[in-house]
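Remarks on the structure that follows.
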Amino acid sequence: MTTDVNDYQIAAGNIESVRQELNMTATDMGWYTTSFHINARMSHMNIIPRRIISSGSWAYALTAPLTGQWTDRMGGHTGMLVACVGAGVCNLILGCLFATKSSSQLPFMLLFASNVALQGFGTSAVVKINAMWYAPSERGIFSGVFNIFVASGYYLALGSGHSIITSFGWSYLFFIPAALLLVISVVVFTCVANAPPPSNALSSSRFKAPVLPPNRRRPSIWALLQNRTLLGYLAAVFCLSWARDGLLNWMYSFFDSVRPVPLTADDHAILGGAWTLGGFVGGLLCGYISDTMFESKRMPPIVLFSTFQAGAFLLLYALAPSISTPFLGVLVFLVSVFLLGNYTLLSYTVPADLPEDISASAVGLFTAVGYISTGLAGIVMGSCIQRWGFAFWVTSLTATSLATALCTMLGSYFSELDDAQDEAVVPLQLPRQRRKSRASIVGSDVMVIAPDEDLLTNQPRRAVV
């Protein structure tokens, strides 16, 4: 779940000259980028067998729905502890295996897959805690800030990995994260709470996400997948992930194929910095617009950013062959603002707006669908570019951008339709905001009760959005 700055490693190497040196076609590179998508943060992957790294990708994608469900049951605080301690122990053992020069690949594969899978608890826990602590009018901006920390961590890992290996050896590439994770687990244990203190319960009740009634069982993954509102948002995540990873994995290859002179190392640094900065700005901007201009409704800014995103793709395709590198960096920055701002709001804020009892489960489903899309994009894009060229590439990116807007609108439509039929409704906005939220989950299996002013005066009222 991330603004995947770690994809630079793979994307930067996916150019014609590198493919020729490796004796790989565009189709081959499509499979290659698929396998390494999640774990590209490891700087010297060539000495790690491909199947070990791929095991982490599959483990993360396949276990994300389960880790989300378990986090809903155990709470965000415990989920974060499981993520930090579990991943820290896995990294510690991996470092020991490197230090002892173990030659067996099976332990590496199992530990690396466990390491990546356990991190799924942390992703779900952050969104769940966010839902408990922050008002809907604050969650968009919070998700933008959270995105900055995630992206900065990836960028730091890429920048420091080579120095750690050359100075201390491969084992410390795991020992250092293990130590940091275990220290953070102590911080989480002592400083992080699932919800505001009891003394602030009344004043903070309106800031929490709605909850399931006591006599209602928490819906299963299958029940969530039968909810057509959630399916609309999952389809939007699929389309947006396709556009994001389709761009990242083939952007540098496109530039080298259409520009008169291949990009230099300095050019890559400019474009990488523009992409990172755009992600920072986009996450905050989209969240701010959603929280302030659209009164915490998520659908309008997603549709707006998706439309601008499609236009930015077309501009990039049309102007990249002829403009200078600094102006190309400006275009990459704009694409990143719209794409990663969109992704931050859809992947982090929308799940937090759902009932707190299912927010982590929703994150797990969003993550799994996102990485399924990533895998398919890697496989399909390479073979199609080889056959039809980069015209297919930009058409695919533009179409999925517009499809993101359409699927988000469908999710909102289904929510309003079911509400009109007097089905149970989930409010996602502050009680004083009476208009319908655009990220509601509705249906008899996911009925919720909203905290409202009337609850404080013992005047029961039907939940509304």
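Glycine too: its Cβ is placed from the backbone N, Cα and C atoms.
According to TrEMBL, the domain 'Major facilitator superfamily (MFS) profile' annotation covers 1-423.
The annotation transmembrane segment is assigned in TrEMBL to 80-100 (among others).
Residues or ranges marked as transmembrane segment in TrEMBL: 106-127 (among others).
Look at TrEMBL and you will find 139-158 (among others) tagged as transmembrane segment.
The transmembrane segment annotation in TrEMBL covers 170-193 (among others).
According to TrEMBL, the feature transmembrane segment maps to 221-243 (among others).
The transmembrane segment annotation in TrEMBL covers 269-290 (among others).
As annotated by TrEMBL, transmembrane segment applies to 302-320 (among others).
Annotation source TrEMBL lists transmembrane segment at 326-346 (among others). Remote same-chain residues near the transmembrane segment (326-346) are listed as 3, 140, 143-144, 147, 233, 236-237, 240-241, 243-244, 247, 251, 255, 270-271, 273-279, 281-287, 290, 298, 301-302, 305-306, 308-309, 312-313, 315-316, 319-320, 366, 401, 404, 408 (criterion: CB distance under 8 Å, separation of at least six residues from the stretch ends).
According to TrEMBL, the transmembrane segment annotation covers 358-382 (among others).
The feature transmembrane segment is assigned by TrEMBL to 388-411 (among others).
The transmembrane segment (358-382) shares the most Cβ pairs under 8 Å with 221-243, out of the stretches 80-100, 170-193, 221-243, 302-320, 388-411.
Residues 42, 76-77, 80-81, 84-85, 87-89, 91-92, 94-96, 98-99, 129, 161, 164 of the same chain lie 6 or more positions beyond the ends of the transmembrane segment (170-193) yet place their CB under 8 Å from a CB of it. Of the Cβ pairs linking the transmembrane segment (388-411) with the transmembrane segment (221-243) and spaced 6 or more residues apart, 3 or more are under 8 Å, so the two regions touch. Tallying C-beta pairs under 8 angstroms between the transmembrane segment (302-320) and each of 80-100, 106-127, 221-243 places 221-243 first.
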